[in-house]
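Undergrad: Provided herewith is a single structure, encoded as structure tokens, for subsequent inquiry.
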Amino acid sequence: MNGKSHHEEGNPQGSPQPKNSSEEFREGGYGWVCVACTFFMNAHTWGINAAYGVFLAYYLSSDLFPGTSALEYAFVGGLSISCAMLIAPLATYLCHRVSHRFVLNLGTILEAVSLITSSFVKANWQLFLSQGACFGFGMGLCFCGSVGITSHWFKKRRSLVNGIASSGSGIGGLVYSLAVGKMIPELGFPWAMRTLGILCLVINLVCSNLLRIPSYSASLKGSPFRVSIIWRLDYLLLLGWAILSALGYVVLLFSLPSFSVAIGLTQQQGSLASALLNLGQAIGRPAVGLLSDHFGRINVALIASLLTGLLSLVFWIFVDSLGLTYFFSIAVGLFAGTLLAAAAPLAAEVLGLQDLGTGLGILWFTLCPPTTVAEAIALQLRDDSQEPKPYLRVQLFVGFMYLGSAVCLGFLMLELRRKRALAASSA
């Protein structure tokens with residue numbers, strides 16, 4: 001595909017343009033500040049959430065809340081993600097009716113409160129409310145308030161900048177997985193949580209008040225929640241890709257450390273495998289974005305989903321040593337996190353900028369059920385640890401979810417070509 005044609009690919013309506021686009025629109029500009037701010041917000045929302053595996057290891061080893069099962073602790077990590085998805089429609093509505101800045105500041109405060117109050121919890125139900133629900137709501141407000149902003153500043157490099165911004169979650173996951181592992185034994189659990197809360201409050205407040213949408217995009221008034229878009233076949237296929245990708249991603253992210261222990265590695269080595277997965281995402285998301293801007297966003301997202309599925313089915317199943325585990329962690333990390341990087345550019349391709357907020361709000365809300373049950377499904381699929389391959393069914397599940405998501409993108413590509421052909425014939 002040549003450089004210019006693919007920017008229009010998948011967007012039969014076209015992205016709304018400013019009235020004097022040649023005079024008003026400038027690629028990048030202040031948008032690069034927004035890219036940096038979104039990067040740091042992702043590092044201090046999704047990045048900290050990605051370090052939950054370290055907290056989980058501490059909870060299990062210290063018996064912090066006696067009588068709490070491993071499944072209940074795993075539920076805290078899943079609850080934070082599902083609550084982030086659950087609040088997406090409200091975040092979208094508030095962005096339209098109030099402002100993005102209000103949503104971002106509210107999310108920042110909720111997240112900081114959740115981390116600081118977690119340092120005072122005395123019972124597991126309090127942990128569910130603080131580190132689970134409250135953190136998830138704060139993370140969701142920050143994410144939904146910021147995820148679409150960079151797309152308003154870029155056209156040619158839209159996928160690249162979204163990849164750079166979303167790689168913050170990978171860098172944050174890597175840094176905070178290692179930092180939390182050091183802070184808990186040296187500072188103690190309470191002060192580790194308070195330190196994270198203060199860091200998130202300061203950094204996210206600065207970023208929240210620097211992020212903004214360009215004036216011509218802000219003037220594109222539409223319905224804050226136009227539900228009719230869910231009846232469009234192209235959008236339903238996009239949702240199918242997102243749901244299947246989320247199921248595979250959450251299971252992979254939270255199962256890799258425990259899989260490492262199941263094959264005979266230590267918990268510390270399992271935590272490092274998780275950190276390497278985040279490192280792979282930090283490298284892979286900008287790379288996927290750069291390739292998307294040259295070869296087509298749907299094409300590259302499809303290939304990334306396909307490669308993740310194949311890596312799970314033909315490589316992960318045979319991993320049985322430290323070296324292979326670390327290699328797989330980095331390799332699969334390059335492609336597995338494409339959902340967070342590609343969702344906004346793909347939604348903009350399919351719906352246009354005017355319905356981008358609505359489309360993303362519905363998409364994130366739709367991911368609430370699958371992200372809630374994903375890890376529980378993995379725990380049910382896992383066999384007894386005495387079996388030769390206790391994670392075989394989990395590995396198959398992850399592989400087939402990603403292959404299914406690739407199929408959805410294949411049909412989406414065909415549907416968009418059909419729409420373009422109809423538009424050309426009627427012109």
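Here the Cβ of each residue, glycine as well, is placed from N, Cα and C on the backbone.
Here the structure is a predicted model, which means the values were calculated and not measured.
When I checked TrEMBL for this same protein, it listed these features:
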COMPBIAS  1-10  compositional bias 'Basic and acidic residues'
REGION    1-23  region 'Disordered'
TRANSMEM  29-61  transmembrane segment
TRANSMEM  73-95  transmembrane segment
TRANSMEM  102-121  transmembrane segment
TRANSMEM  127-148  transmembrane segment
TRANSMEM  160-179  transmembrane segment
TRANSMEM  191-212  transmembrane segment
TRANSMEM  233-256  transmembrane segment
DOMAIN    234-427  domain 'Major facilitator superfamily (MFS) profile'
TRANSMEM  298-319  transmembrane segment
TRANSMEM  326-348  transmembrane segment
TRANSMEM  394-414  transmembrane segment
Undergrad: Could you give the residue numbers and ranges of same-chain residues that sit at least 6 residues beyond the transmembrane segment (102-121) on either side and whose C-beta is under 8 angstroms from one of its C-beta atoms?
TA: 41, 44-45, 48, 91, 94-95, 127, 130-131, 134-135, 137-146, 189-194, 196-198, 200-201, 204-205, 207-209, 211
Undergrad: Could you tell me the mean pLDDT over the domain 'Major facilitator superfamily (MFS) profile' (234-427), as a whole number?
TA: 88
Undergrad: Against the transmembrane segment (127-148), which of these stretches has the most C-beta pairs under 8 Å: 29-61, 73-95, 160-179, 191-212?
TA: 73-95
Undergrad: Where else in the chain does the transmembrane segment (73-95) make close Cβ contacts, counting only residues six or more beyond its ends and a cut-off under 8 Å?
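TA: Apart from its flanks, the transmembrane segment (73-95) reaches 49, 52-53, 56, 59-60, 102-103, 106-107, 127-128, 131-133, 135-137, 139-141, 143-145, 224-225, 250, 254, 357-358, 360-369, 371-376, 379.
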Undergrad: Quickly jot the same-chain residues contacting the transmembrane segment (191-212) by Cβ under 8 Å, restricted to those at least six beyond its ends, or write none.
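TA: Distant contacts of the transmembrane segment (191-212): 30, 33-34, 37-38, 40-41, 44-45, 48, 100-101, 104-105, 107-109, 111-116, 118-119, 142, 145-146, 149, 176, 180, 183-184.
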